[in-house]
Amino acid sequence: MKILALLTSAGINIGVCVLLLSLYSILRKQPGNVNVYFGRRIAEEHKRLRDAFVLERIVPSPSWILKALQYTEEEILAAAGLDAVVFMRIVIFSIRIFSIAAVVCLCGILPLNYFGQDMEHRKIPSESLDIFTIGNVVERSKWLWVHCVALCIVSCSACVLLYFEYKRAAKMRLIYLTRSAPNPSHFTILVRGIPKSTEESYNDTVTNFFTKYHASSYLSHQIVYKAGKVQKMLTGAKMAFEKFMHIKHTVIEKKSKIGMYRCGLCGCSSNSFQLVRTDFDQNGKKIDISSSDTSIREHEECGAAFVFFKTRYGALVASEILQTWNPMLWVTELAPAPDDVYWSNLWVPYRLLWMRRIATLLLTIVYMFVFLIPVTFVQGLTQLDQLQQRFPFLKGILKNKYVILIVTGYLPSVILQLSLYTVPPMMMLFSTMEGPTSRSGRKKSASWKVLYFTIWNVFFVNVLSGSVISQINALSIPKDIPTQLAKAVPRQATFFITYVLTSGWASLSSEVMQLFGLIWNLIRKYILGREEDPIAVPSFPYHTEVPKLLLFGLLGFTCSILAPLILPFLLIYFFLGYVVYRNQMMNVYCSRYETGGLMWPIVHNTTIFSLVLTQLICLGVFSLKKSPVAAGFTIPLILLTLLFNEYCRKRFYPLFKSFSAQDIINMDREDEQSGRLEEIHEQLHTAYSQFTHDTSVKIHDESSDVEDQASSSCKSNGLGKELSHPTLKGLPTARLQKAVRTVCLVVNLQKKASSV
C-alpha cells in the first residue's frame, strides 16, 4: 500500500467522523431525541426539554466536548459506578503508554526505518508504507540496537504504568466494598446441586442441612423456582388452569328474584342470575386452594436456593469450603447482587453445566473458522496482484487509479468491520447458554469470547493468512508460527493502520451518534406510535468496548517497534474515545448492576500478553535480521515481563477474587455496634424476590370502583401474585393474565348487580 492510499482512507474516515459528530451536535439538541442521547439523565430527573424552536438546535457546536472534559472522576463514580471509572482508566492508561511510545518510536525508529537501505526515495505520497517499517532495514544493521532500546523503554514504561493502575484499581475496589451501603449479596450464598429426596421437598432439605452444619451462622433461605423459557410457558399454563379451576367451583344458582341495576341507558336492567361463591364443588367436597397452590409450588422447585447468613464472615466461609464429599452436590458460591441475578439460568441443573460449556466452546470454535471466509476475502483485496491472477475479469476494473486507492486503502477494513458486528451478539448468546447465574458474569464471559475472537481473526489470521495468502498451510505448522509472525507483521502493519482508521475513528463517531437507537426512536414514535419510556435506558456495552480497546492496545504494542507510523492514528483514537465515552456514560447509559471493577484483571492479563507477544515478534525479527546483540537483550526482557506479571498476580489479583476476613469482620462488628444488623436481616428476606406483586396491568372501564374491586379480588385470591413472575414478561402468559382478570371483572360485576 502506498502513502496516497493511506491518505485516501484517512480522508474518508475523517470526513465520516466530522459529519457524524456534527450531526450529533445537532440531533442532541432536538427535543424528540432526548431519550436517545440523555437516557440516563431522563431516568434520574424525569423531565423534558421545552418544544420551542431555537436556532442553536440546528447549528453544530463543540459544547458537548467541553462538558465531557469537565466531568471529574468522582462525578463519573457517582453517576455510572466503579466499572465506568475502571473503564476510563483503560483509556487513560492507553493514552499514557502510547504517548511515550510515540515520542520514542517516531523520533528514534521511524527515521532509521526510512533510511534503512541505500536507495533513491520518491516523493512521500508515492512512497510505499513498507518503507517506514523495520522490513526496510538491512540485515546486520548496526542501528538495530536502537529498536531494542526502544522496545525496553516501551516495555518498562508499560509495566510501571500497569503496576500503578492495578494498585489504584485494587484500592478503589476495596473502598467500594468497605464504605458502600450494606450489600445483601455479602450475606447470601447461592447453593446449587441440592440433592433431590422423595421424602421431603427442596425447602425442607435446605433447612435440615444448614441448621445441622451451619447452625451458628445460618439465618434463613429462599428456594429458586424453575424459570426457563419452556418452564415459563408450563408455569403460566398451570397458573391459568388453577385460576380457571377456582372459578369453575363457583356455583351459579338461578334465582326467582330479579336483580335490578342501572345500565345508564334505559334506567335499569334485570338480571335473573346471581353468582354465589362457595367452597364446595359439585360433588360436595371442599376445595383446599392453599394446598393446591403448595403442591404446584413444590413441583416447580429446583435444586438451587439463596441461603442467608447472620454475618458476612459466615457467608464467606460457607461459600469457600466444600460442603460434602461429593463436589457435585451442595455447590456454594457467593450470590450475585439482587439486581444482577440472571433468573433464567438458576434452574439449570448443576450437573449439566459442564456439558453446556463444552458445547459453547465447540460452537465458538466453529464460528471462528466460519469467520475465516470474510477475513480471507478482505486480505485478498489488499493484494491486487494475487487477486487479479485468481480472478482475471477484475483486471479491467482495477486499472482505475481511484478505484485502486479505495479498494486497497478503505474497502478491506470496512468489510471486516461490518462482519465483526455479528460477533458480540453471537458471543452473548453462547455465554448465556453456558449457564451463568449473574448478568455481569454473562457479560464478562462474552467479553472474553469477543476478545479471543477479535485477536485471533483480526490479528493472527490477518497476519498469517493475509500476507502469505498463497500459503494457507502456514497455520498448520505451529513451530513455524514465530518465524511467520516475524516476517508477516511488518508487512501487515499497513492494513492495521487502515483498520484503526475505520474500526476506531468511525466506530466512535457511530457510538456517539447512537445510530441504532436513533432509528428505533423514529420508528417507535412515527410508525408504531408508542410513547417514550424513560425507564428503558440501555446499559453500557462493556462486552464490546473493552475488547475493542484491548485489541487496539495489542496492535499498538506489536506495531510500535516494527511500524511506528500507526501510533499517531492510535493516539487520536484514544483521545477521541476519552471524550466520547465520558459523554456516553454521563448522558446516555445507565448502570443496572455493579461488579466493583472486576474487568481490570482482564485488562492487565491482555496487556501482558500483548507485551510478551511484541517481544517474541521482535526477537524473531532481530534473529532474521541477524542481530545477536538485540536478540540477546530481548530474551531477559521477556523473562522480566513474566516475573512482573506473576508478582501482580500474587499481590493484587486475590483482592479481585475474594474478600479479606479482616475487612468483613470489621464491617460485621460496625453493623452490630450501630444496631443495623437486625435491619439488614429483615431486608434479606425481600432482596432476592423471584415472585413480585404486579398490579400495573388493569382493564379500563368506565366504572373505576368496579375495576378496583376486580383488581383487589384478584389480589385476595392470589391471582395477581401468582401471575406476576419477573421472567414471564413478554411471553404469551400475559394474555392469560389479562383473560383471568377479565373473568374476575365479570364476577365482580355480577356480585355488584346482585347486591343492588
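Glycine residues also receive a Cβ, built from the backbone N, Cα and C atoms like all the rest.
Automatic, uncurated: that is what TrEMBL annotation is.
Per TrEMBL, these features apply:
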DOMAIN    5-165  domain 'CSC1/OSCA1-like N-terminal transmembrane'
DOMAIN    186-345  domain 'CSC1/OSCA1-like cytosolic'
DOMAIN    356-622  domain 'CSC1/OSCA1-like 7TM region'
TRANSMEM  6-27  transmembrane segment
TRANSMEM  97-116  transmembrane segment
TRANSMEM  143-164  transmembrane segment
TRANSMEM  361-382  transmembrane segment
TRANSMEM  402-430  transmembrane segment
TRANSMEM  450-469  transmembrane segment
TRANSMEM  549-581  transmembrane segment
TRANSMEM  602-623  transmembrane segment
TRANSMEM  629-648  transmembrane segment
Seg_contact(the transmembrane segment (629-648), the transmembrane segment (97-116)) with at least 3 CB pairs under 8 angstroms, min sep 6: no
Other parts of the chain folded back onto the transmembrane segment (143-164), taken as Cβ under 8 Å at six or more residues beyond its ends: 93, 96-97, 100-101, 104-105, 108-109, 112, 116, 134, 137, 557, 560-561, 604, 607-608, 611, 614-615, 618, 622, 625, 627, 629-630, 633-634, 637, 641, 644, 648
Cβ contacts under 8 Å made by the transmembrane segment (602-623) with residues that lie 6+ beyond its boundaries: 90, 93, 134, 144, 147-148, 151, 155, 158-159, 162, 166, 444, 447-448, 451, 482-483, 485-486, 489-490, 546, 550, 553-554, 557-558, 560-562, 630-631, 634-635, 637-638, 641-642, 644-645, 648
